[in-house]
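Colleague: The following block contains the structure, expressed as structure tokens.
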């Protein structure tokens, strides 16, 4: 039997790349051949090749918060990227092209449509990004993590890796747990400057109550470590990137983090109370992602403009392990654990029509 082939388009941020990688690895297990389209010097260029997946690089940038100069020359980059992806499609002849949202998906989505290759989209967020909004008008099939985001889209959930799904539930994790409250701090795959600045101060004021496992991002590791060391806070674990995030979730009583779609999905699947500081996009995309968990009492949302040391200290002082256990159970009730199977069924069904 000739194996099916798929091109996955995702790049720029972990929120697009990691769900795409989960899908890619599952498809490979099922005998599919996978190629990837991304950009150089970005998260996908560092991660995807490690899994033996061939990645093709295109030159394209996002338009959000860009300069006037970049806006003027952006059509040139888009056109070049379009022809680059079209050449890849013509050469490799995939059965399916899957766009995970973000600027990397744009040129390839149009190229696949122009080449009459089925275009599938997956939207992770509660508010669709610009690229997926545009491409949803020409796509063969739309998938979404939550209802009502893209037109005529099937709700499938967000795919997460099996190691996260296998994390013990809150009842088993919190059983007989004692000692300092364990707080996981993650600013997304790139880290977060504001959390790196504030959390050492919080740790100093609550050093008798809290221990942090803090992901700083690659660029601020040494700077953040110096802040902790200056305050003589040696009990905390400070790292640039947590490779085994499942073990970190299993360890934690609470997480302080951004509210990217994948992070929110993972927290729900694991069952973990959260303090969310949404990235302040104009469309409040991350705020919307976190609202369901806040609504059921599993999380608190703090706008970045209101974030300060005193506020975090007051919230943490109001919590104990019993309260965090209740928050964790509430979060666990919203977890979607079969997303990868739902997505595979959609891909497989469309591929049989080609």
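The backbone N, Cα and C atoms fix where each Cβ goes, glycine too.
Pulled these features from Swiss-Prot for this protein:
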BINDING   13, 14, 15, 125, 189, 242, 261, 262, 263, 264, 265, 266, 286  UDP-N-acetyl-alpha-D-glucosamine binding site
Colleague: Look up residue 13 (UDP-N-acetyl-alpha-D-glucosamine binding site) in the DSSP assignment and reduce it to helix, strand or coil.
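Modeller: In the DSSP reduction, residue 13 (UDP-N-acetyl-alpha-D-glucosamine binding site) maps to coil.
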Colleague: Which has the fewest other CB atoms in a 10 Å radius around its CB: 13, 263, 265, 286, the listed binding-site residues?
Modeller: 13
Colleague: Check residue 286 (UDP-N-acetyl-alpha-D-glucosamine binding site) against DSSP and tell me helix, strand or coil, would you?
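Modeller: DSSP call for residue 286 (UDP-N-acetyl-alpha-D-glucosamine binding site): helix.
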Colleague: Between 15, 261, which of the binding-site residues has the fewest other CB atoms within 10 angstroms in the structure shown?
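Modeller: Lowest Cβ count within 10 Å among the binding-site residues (15, 261) is 261.
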Colleague: Through the lens of DSSP with three states only, how would you label residue 265 (UDP-N-acetyl-alpha-D-glucosamine binding site)?
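Modeller: Once the DSSP labels are grouped into three classes, residue 265 (UDP-N-acetyl-alpha-D-glucosamine binding site) ends up as helix.
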